[in-house]
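Notes follow once the structure below has been shown.
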């Protein structure tokens, strides 16, 4: 069953925990917790004195980081069954400007934050202390990501570069140079040996993580990339561009294996696009206010969710890929059951 929630203050960020709890941050500095299963609001917290810029849920769904334009980063304990659903455990103090990117290691013991102050910081979650400050970028950090084993972390920035760092020592391992403009995202291959980046220049690029050698350049998009990741087996790069195209490419040889026109005949670009964690599905939203889901193996449209009355600006998949959460300018957040829709279509 699909769920509709009325939001206030303008949704700036979304996160989905493994137990069906959805969290959104707002322009008013609030964090709202929602029960996706029962379709009800759990709690609203006045978390920040200015807009929420980033939120990130721990892998086990028991903790949350929220960062605001007030330059404060809160660490929350999540417990949907308790009154209020969340309580602040403490703050992560050290950044000199607001944080825009957050990631957790798979074991949940370490987090990385990327900020407008040109630095990324590694933190011990238990002590809330900075373990390393990652310096080198000359403009704000846009994205942060850990390798699957948690031993390396990558940063992407508006200075046209990405960097790979050793988590244990904080040492810089490589600088990835080649993009012609802002690098919006970065992700590791499953084995951690390669990195894919996506930029404002319309390219996705594959690099050797340890040396920074550029291995493959995918010049397949006519606009900025919303998302770029490896498939689960590392053999493909999956990318969603603002040009309205979803691409599946060979991560070793740059061959285009599949190209999907995701604009649904609107002839406009995409407002939002994201790939599921397992790399099997992509979700997009164009100017028709419809949320589309695509099978990346076949290129087929497997779901079209209608209901938003204005532009959709934010999309995320649930960790298991069974649901999509969308937020639009119509003041609603909607949770769509992808699995149910796909079963009905079979």
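Backbone N, Cα and C atoms are what each Cβ position is placed from, and that goes for glycine too.
Curation plays no part in TrEMBL annotations; they are all automatic predictions.
The feature domain 'WD repeat-containing protein 54 beta-propeller' is assigned by TrEMBL to 19-87.
Taken from TrEMBL, the feature repeat 'WD' applies to 45-79 (among others). In the predicted model, the repeat 'WD' (45-79) shows an average pLDDT of 96.
Per TrEMBL, the feature repeat 'WD' maps to 92-133 (among others). Long-range contacts of the repeat 'WD' (92-133) within the same chain, counting only residues at least 6 positions beyond its ends with a Cβ under 8 Å from a Cβ of the stretch, are 53-60, 62-63, 65, 67-71, 73-75, 139-146, 148-150, 153, 155, 157, 165, 167, 169-170.
The repeat 'WD' annotation in TrEMBL covers 134-175 (among others). Sequence-distant contacts of the repeat 'WD' (134-175), counting only residues of its own chain at least 6 positions beyond either end whose CB sits under 8 Å from a CB of the stretch, comprise 100-107, 110, 112-122, 181-188, 190-192, 195, 197, 199, 207-212.
Below 8 angstroms of C-beta separation, residues 142-149, 151-152, 154-158, 160-164, 223-230, 232-234, 237, 239, 241, 243, 247, 249, 251-254 of the same chain, each at least six residues beyond the ends of the repeat 'WD' (176-217), sit close to that stretch. Under the heading repeat 'WD', TrEMBL lists 176-217 (among others).
TrEMBL lists 263-304 (among others) with the feature repeat 'WD'. Under DSSP, residues within the repeat 'WD' (263-304) fall into helix, strand and coil as 0 helix, 18 strand, 24 coil.
The repeat 'WD' feature in TrEMBL is assigned to 305-346 (among others).
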**Prompt:** For the repeat 'WD' (134-175), DSSP counts of helix, strand and coil?
**Reply:** 0 helix, 23 strand, 19 coil
**Complete:** Outside the repeat 'WD' (305-346), at least 6 residues beyond either end, the same-chain residues with a Cβ under 8 Å of its Cβ set are 1-8, 11-18, 20, 22, 24, 34, 36, 271-278, 280-281, 283-285, 287, 289-293
